[in-house]
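Following: one structure in structure tokens, then a few remarks.
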Amino acid sequence: MKKHKSEIIIFLLAIGLRIIAFFAILALSQFLDFSFPIIGSDSKHYLQGAEGIRTHLRYIYPTGIPINYFLPGYPLFLAALMSVSTNLYLVSFVQIILAGFSAVLLWHIGKTWSEKIGWIAALLFIFDPAGLFYSNVILSETLFIFLLLLFLWVLIKRIDGPTPQVILLGITFGLMVMVRPVAIALIPGVLLYFFLKKRWTMRAVYGSLMFLIVTGIIVGPWIVRNKIIFNSYEISQTLSSQLFYGHAPAFYAYQNNVSEQEAKQYLNKELNAISPYGTEPSDRNGPYARKVALGYLQKYPFQFAIFHAAKTAPLFLSDGLRDLAQRLNIVQGPLPNISGYMVRLDLKDLLSVLQKNKLVFALLLVGFVTWFIIICLSLKGAVAGRKDALVLTLVVFIAFTALLTGGAVSHPRYRHSISPFLFLLTSYGISHALDFARNKL
């Protein structure tokens with residue numbers, strides 16, 4: 001017990017705070033707009049997929065239509081738990097346990113630099129309000145983060161191990177992709193780490209190929225299934241949907257100074273002209289929706305790149321507290337689109353909107369300042385550790401993930417999935433700053 005005292009403290013603290021959050025949300029549940037732990041359409045789709053697996057052994061909606069938008073990893077997880085008990089609070093408690101293990105894994109990863117860094121990263125993760133909330137509701141974030149940190153821990157600890165351990169890396173990564181397709185964005189960082197640690201030798205080539213092959217064996221059958229059913233090699237329709245319903249209309253509205261509703265009408269007209277499914281928002285329409293969206297965005301590559309970069313800022317700097325407060329019915333009504341005002345340089349209108357709701361402004365200020373400090377310290381950590389393989393890998397992880405989840409679809413929820421990377425870099429930056437100050441004194 002003494003040998004693992006730190007792990008036990010971290011684990012108990014993580015699950016203890018999340019259990020408190022569970023009962024707090026439960027106490028508020030009668031005032032909420034959702035049936036806790038079900039939250040919004042994503043939860044319902046996951047549960048529908050889980051029910052299809054349980055009752056028909058097929059990944060389908062209740063209507064019998066195959067699912068492609070959400071990958072089956074998390075619904076399989078739900079189906080397994082629902083076979084034990086249909087009480088959905090079981091999902092919350094299992095996810096709380098996974099969050100506890102995630103905190104321990106993060107501590108171990110940070111500890112590869114120093115125990116101090118491990119503790120700072122773990123505590124940031126434990127007290128993150130988003131983590132307290134998302135670990136209690138039916139969303140894939142908690143399972144994804146657990147697999148993500150397990151994968152990163154295996155990558156760090158076992159990269160020089162024999163072939164079976166490289167195979168374990170591929171299996172873990174494949175499972176992670178089947179929970180959330182955004183995991184694919186991590187592949188460049190993984191390959192970079194292989195070559196940095198194995199010094200660009202044939203062992204690095206062998207390890208990289210083995211990792212990719214095992215990942216492909218796990219993900220490949222799903223891609224083949226999508227080609228057969230949806231005539232698309234996409235692993236998920238998520239990207240097509242985000243392009244057509246998020247990036248393209250937002251950019252079109254900005255370019256042409258029209259509302260996003262008008263932009264969507266234009267895009268729907270273009271979609272209707274080429275798709276046999278019309279403007280139906282189905283998984284089968286994904287390839288056509290993607291073609292329309294990319295067709296417009298590719299006309300203005302430079303302008304879109306600038307627009308995308310500007311709209312990605314909320315992924316890193318958005319407070320996140322307003323979103324949680326809205327979900328918990330503490331704040332009512334739609335939240336102002338801060339990045340939209342910033343892109344249009346409507347600072348006067350932005351201040352006017354914020355002044356109308358003092359609570360929203362206070363949450364924005366507290367959250368923004370907190371994340372601004374975290375991002376600054378992360379940058380400090382990235383610069384200080386620029387020669388460290390793990391630091392460089394984390395930077396690449398964050399950059400490629402931001403490329404996929406940023407822009408017009410930026411949301412604090414997407415940041416939560418990469419927050420462990422940010423916490424590690426922040427902890428590295430804090431440790432380096434403290435060491436620098438100590439040496440100066």
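From the backbone N, Cα and C atoms, a Cβ is placed for every residue, glycine too.
The domain 'Glycosyltransferase RgtA/B/C/D-like' feature in TrEMBL is assigned to 72-218.
Summarising the annotation, TrEMBL assigns transmembrane segment to 12-39 (among others). Through the fold, the transmembrane segment (12-39) approaches residues 47, 88-89, 91-93, 96-97, 99-100, 102-104, 122, 125-127, 131-133, 135-139, 327-329 of its own chain, all at least 6 residues removed from its boundaries and within a Cβ separation under 8 Å.
Taken from TrEMBL, the feature transmembrane segment applies to 59-81 (among others). Through the fold, the transmembrane segment (59-81) approaches residues 42, 45-53, 90-91, 94, 138, 140, 143-144, 175-181, 222, 226, 229-230, 232, 234-238, 241, 282-283, 286 of its own chain, all at least 6 residues removed from its boundaries and within a Cβ separation under 8 Å.
Feature annotation from TrEMBL assigns transmembrane segment to 88-110 (among others). If you look at the transmembrane segment (88-110), the same-chain residues 6 or more away from its ends with a CB under 8 A from one of its CBs are 6-7, 10-15, 18-19, 22, 37-38, 78, 81, 117-122, 125-126, 131, 135-138, 142-143, 145-146, 149-150, 152-153, 156, 420, 423-424, 427.
Positions annotated as transmembrane segment by TrEMBL: 165-196 (among others). Packing against the transmembrane segment (165-196) from elsewhere in the chain are residues 71-74, 77, 140, 143-144, 147-148, 150-151, 154-155, 158-159, 204, 207-208, 210-219, 222, 235-236, 238-239, 389-390, 392-394, 396-397, 400-401, 403-405, 414, 417: each is 6 or more residues past its ends and has a CB under 8 Å from a CB in it.
The transmembrane segment annotation in TrEMBL covers 203-224 (among others). The list of residues near the transmembrane segment (203-224) in space but at least 6 beyond its ends in sequence, with Cβ under 8 angstroms from a Cβ of it, reads 71-72, 159, 163, 166-167, 169-171, 173-175, 177-178, 187, 190-191, 194-195, 197, 233-235.
Residues or ranges marked as transmembrane segment by TrEMBL: 359-377 (among others). A Cβ distance under 8 Å defines the sequence-distant neighbours of the transmembrane segment (359-377), meaning residues of its chain 6+ beyond its ends; these are 124, 316-322, 325, 330-331, 335-336, 338, 422-423, 425-426, 429-430, 433.
Taken from TrEMBL, the feature transmembrane segment applies to 389-411 (among others).
Broken down with DSSP, the domain 'Glycosyltransferase RgtA/B/C/D-like' (72-218) shows 121 helix, 0 strand, 26 coil.
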